[in-house]
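Asks: My structure is below; once you've seen it, I'll send some questions.
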There are 2 protein chains.
Amino acid sequence: MNIDDATVGPLGGPRPAQAATGTRDGAAPGGEDGGPGDAGRDDGARDDPGRGVPEATVARLPQYLRALTALAERGTETVSSEALAAAVGVGSAKLRKDLSHLGSYGTRGVGYEVGHLLRQISAHLGLTQHWNVVIIGIGNLGRSLAGYGGFASRGFGVVGLYDDSPAVVGECVNGHVVRPLSEFEVPSAGCATIAVLAVPAAVAQRVCDLLVSAGVTSILNFAPVVLHVPEGVHVRRVDLASELQILAFHEQRKAAPGRTTALVDGATLVDGGRLGSRALAGQALDGQALEAALQPSAVGTLPRAGATR
Amino acid sequence: MNIDDATVGPLGGPRPAQAATGTRDGAAPGGEDGGPGDAGRDDGARDDPGRGVPEATVARLPQYLRALTALAERGTETVSSEALAAAVGVGSAKLRKDLSHLGSYGTRGVGYEVGHLLRQISAHLGLTQHWNVVIIGIGNLGRSLAGYGGFASRGFGVVGLYDDSPAVVGECVNGHVVRPLSEFEVPSAGCATIAVLAVPAAVAQRVCDLLVSAGVTSILNFAPVVLHVPEGVHVRRVDLASELQILAFHEQRKAAPGRTTALVDGATLVDGGRLGSRALAGQALDGQALEAALQPSAVGTLPRAGATR
DNA sequence: CGATGTGAAAAGGTTCACAGCC
DNA sequence: GGCTGTGAACCTTTTCACATCG
């Protein structure tokens, strides 16, 4: 719960990296913070499908892939944009436009051949090659990630675990020995590597700097901190606290249609009357992180899935 | 790994709920899938600050809150839009416009009073009231969430645990007895409740339907499935697989500037040659889920945070 | 003077509608 | 006939530039 300078980095002391990379939306689109100057970004071929895929489209490709895989396992041969879109929960026009950015993989009057489209999207996402995953921070989170079997079978393979806590360095977690961060190095010549950051928020920025200086250019950040990285490095964040707060915002609005919700403009605080200076404030989940793991028990066979309205 | 109809719901059999709510971007903006007809959406007051806050802005409020909290703990009194924006990794203009949607909480020529702005944003996010959190699915994920202390101290309090696996029903997890889903009910008159779905993908939709029929209108979904819910219900998803795939996409593009990446248009498969029909496909992490938990060990004191470049 | 707040312009993304093709 | 692919309209979001005010 110690939110030191790592949280708000640049404000406190001097730090090298700039070009902060936000979370979801702002992660890559145009330039986020790269400066007002670099408009255009037509560095490559413009008419080449594969180039210039909108970020919003990229974010939906995994969903399409998922739905397609489900269809494939069910034995479905072809699917229309209408049906596939319904499965993913988007409009059919959006789906078609998305796919058109990758190329023309459909057949007019028929639809899309499931297997073919599946391969194409996989290829576009880079899932035809192997991806090395290194996990930094072997707490509850990192441990579960390391033990997560889904990695290996999907093209993402854990190849290294790192932590600086003496308590865990040297320990063998799921076949991998936890090594100290000082020994960190990007596996296999620096390409096709993704680092998963599962360290406390307080040290996340410093660890991130270290990774970047070692050549890492893709980071999945579980710490509730906005990492500041140089241009060319991609960061995506998974943040439970933010998600809950966003849900709270919408829920609250639904519940109180008339209320403005804001505290009375001029003065201290009204409305609920509660809320100490920073007691309830934001910054939830600092020092903690999300944890990914297998799901052994959980809901088994639902009694009756009723719920029809 | 059993992807039954829950994954692609609407395609397979008849299902009641429509209006699929996607993940991040499409979660709420205009209508996502509500139909082409409902343009306008000026149902409420239009000039009332608090109403009509853009979704993109809402998604950034938690970040602002976090940065402000850090500043407050450091004792900072005021902050400029420039400095705060830098901390969050956005442009100062964007920050000012975001805040302008909430109201005018700054002082020209000076900046923003940290404490005041912090309270205002908290109020807008609805963090002045208590939020009941129920966790469905007490596997590794749900268990960790239940034990996560950050909830209670931040306005989010776990008030119920549910699972249908006989192995865990009745078990006491962190002070709460796990109850069967059949006993599920929305706590305290159906308001201010958020359900966290931590069940396997295969049953996520059915459990979701059940929750919705019980009156839940805000769901945080950890299962790698697009949930289809009726209008008025908000769903947000946390999805490790998608995040990794999106990172892979960008990394791959960085690594191979010239390659089109797509498989040769006409035929089977080229490029790597690998990739069976659905072996590497998408659908990663099905049946699994992310897990949030305390982070006891992890990186302690970094050796030297070097990484200056 | 300096920093906010905000119209206006630009960019990005979504939806419509239909031409084109099987 | 039916469905894809896509230009065009529309909406959201970002960015610019500057009037405004402490």
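Placed from the backbone N, Cα and C atoms, the Cβ positions cover glycine too.
Annotation comment: TrEMBL describes B:63-102 as DNA-binding region. If you look up TrEMBL, you'll see B:Gly137, B:Ile138, B:Gly139, B:Asn140, B:Leu141, B:Gly142 marked as NAD(+) binding site. The domain 'CoA-binding' annotation in TrEMBL covers B:126-226. Sequence annotations record features per position, and here TrEMBL assigns region 'Disordered' to B:1-55.
Neighbours and distances for these, please.
Replies: Listed by sequence, the residues of this chain that lie at least six past the ends of the DNA-binding region (B:63-102) yet keep a Cβ under 8 A from its Cβ atoms are 49-50, 52-54, 57, 110-115, 117-118, 120-122, 124-125.
Taking a C-beta cut-off of under 8 Å and a sequence gap of six or more, B:Ile138 (NAD(+) binding site) has these contacts in its own chain: B:Ala146, B:Leu161, B:Tyr162, B:Asp163, B:Ser165, B:Val168, B:Glu171, B:Val173, B:Val178, B:Ala198. According to DSSP, B:Ile138 (NAD(+) binding site) sits in a coil region rather than a helix or strand.
For the domain 'CoA-binding' (B:126-226), the number of residues in each DSSP class (helix H, G, I; strand E, B; coil) is 30 helix, 28 strand, 43 coil.
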Asks: Give the mean pLDDT for the DNA-binding region (B:63-102) on the 0 to 100 scale.
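Replies: PLDDT averaged over the stretch: 97.
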Asks: Looking only at the DNA-binding region (B:63-102), how are its residues distributed among DSSP helix, strand and coil?
Replies: 31 helix, 2 strand, 7 coil
Asks: Rank the binding-site residues B:Gly137, B:Gly139, B:Gly142 by the number of other Cβ atoms within 10 Å of each Cβ, and give the residue at the low end.
Replies: B:Gly139
Asks: What is the number of other Cβ atoms found within 10 Å of the Cβ of B:Leu141 (NAD(+) binding site)?
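Replies: Counting Cβ neighbours of B:Leu141 (NAD(+) binding site) within 10 Å gives 31.
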